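Chemist: Before I ask anything, here is the structure I am working with.
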């Protein structure tokens with residue numbers, strides 16, 4: 001009751017204080033109005049007094065004098081009213097201060113008497129404890145004709161919960177998570193997470209979070225119970241810590257190991273250059289070895305005129321097969337090559353063809369030289385009539401693409417380009433090409449030291465083992481020179497152009513180099529007195545210094 005009276009006294013003080021404040025504001029407005037009137041009357045009285053000084057005696061003078069006296073009287077009344085209002089305002093302000101002081105006293109008393117929320121909750125709990133609740137058993141006991149064996153479902157559920165409480169709350173698994181919390185930002189970082197056996201887990205520490213599924217206990221870094229002021233964790237924080245711990249467990253360091261294959265035949269062996277002594281058994285044995293290694297790519301070898309023992313292996317990932325596979329011939333130092341040479345019409349080389357010719361001047365075949373003197377039209381091998389077969393033979397036995405098997409790729413080789421010559425139809429050419437039957441036979445001569453001809457030399461791979469299947473490594477393919485439509489020979493297959501159709505044959509090159517009437521191609525001056533070409537002389541001098549002999 002005392003608290004209620006104090007609350008009422010405080011409310012009354014607040015109301016009186018509010019009324020006094022409104023009254024003070026009204027009186028101040030009235031004072032402002034009185035001051036305005038007082039100033040107006042003062043100005044009017046001064047003006048009338050100034051006018052009376054200039055007017056003589058008479059009726060008008062008397063009236064103005066009387067009006068001036070009335071104005072002065074009103075001015076005095078206004079001054080008194082203003083003073084009275086100011087005094088009343090001062091009294092009201094004093095009363096307001098007194099009411100405020102009384103309000104503060106009442107507020108202090110209320111704070112000393114008023115109960116906190118905890119006290120109110122505690123008192124409510126005590127009141128509930130004082131009032132005994134009727135149990136369910138007592139309620140059902142008052143029901144007549146109820147069998148004694150009947151147990152209400154609610155009571156049965158409560159009994160089951162009490163009996164199975166320990167079993168339901170037994171930990172299925174436990175995990176120790178080390179967490180570092182930044183006191184500035186409040187962020188928690190999981191340092192490590194270690195799973196623990198649920199049997200060895202003991203509820204040590206302060207419980208900071210619990211629901212029907214999981215419980216979280218806070219333990220200090222020295223495995224002791226954390227201090228009692230540990231704050232609880234929100235469900236969001238618990239979920240975040242569990243997510244970080246699971247992510248940390250899922251991360252495993254990268255392990256590097258050797259490649260593992262399902263069977264030992266899934267990776268091809270590095271292809272080696274073969275050193276064929278007898279033609280028959282070696283080729284068959286090598287083919288069986290490739291199949292045993294489990295190669296998925298079809299290997300095709302075209303052996304044509306194998307007097308040199310050279311074989312080109314072509315393979316790709318598209319199951320390419322060779323049209324023919326002739327029987328290899330015994331090995332020797334000379335490889336006979338067939339080329340079909342077609343007579344071209346008269347034309348000048350275009351600028352791009354000239355640049356391509358200059359580029360081809362520096363194409364090198366390691367440790368190989370051409371000897372025009374050994375070309376004989378009588379040594380012709382088997383010929384193929386189809387254009388596709390001719391192109392394959394042209395590419396297969398081209399001197400730029402052929403590579404002897406016993407050449408060491410690491411040693412440098414010097415070659416001198418002899419030049420190109422356009423084939424023109426004239427009388428001189430007809431004289432030079434007497435007995436020409438459409439086929440020129442060239443010989444590939446390998447200049448090598450006899451002492452280095454060691455058959456037991458270590459074998460080296462002919463090309464990269466995975467180059468045909470690689471998408472990164474693709475060897476450059478020779479591009480054919482551009483030709484006009486009118487300059488294409490009708491005997492050539494235009495769908496399969498070979499980049500070496502325009503190259504001059506060795507026999508024709510020899511005859512033109514030895515001819516005094518022909519001019520040297522590419523601007524090299526030839527001797528006009530019948531002597532041999534200076535480039536050929538330079539070649540002979542170079543070979544003589546090396547201890548070789550040009551045949």
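From the backbone N, Cα and C atoms, a Cβ is placed for every residue, glycine too.
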Chemist: Of the residues 163, 250, give the one that Swiss-Prot describes as phosphoserine.
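Modeler: Of 163, 250, Swiss-Prot lists 163 as: phosphoserine.
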Chemist: Which one of 247-267, 268-288, 394-414, 415-435 shows up in Swiss-Prot as region 'Disordered'?
Modeler: 247-267
Chemist: Between the Cα atoms of residue 178 (SUMO1 cross-link) and residue 125 (SUMO2 cross-link), find the distance and write it as a whole number of Å.
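Modeler: Per the Cα atoms, residue 178 (SUMO1 cross-link) and residue 125 (SUMO2 cross-link) stand 40 Å apart.
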Chemist: Select the most exposed residue of 125, 178, where exposure means the fewest other Cβ atoms within 10 Å, treating these as the recorded sites.
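Modeler: Each of the recorded sites 125, 178 was scored by Cβ atoms within 10 Å; lowest is 125.
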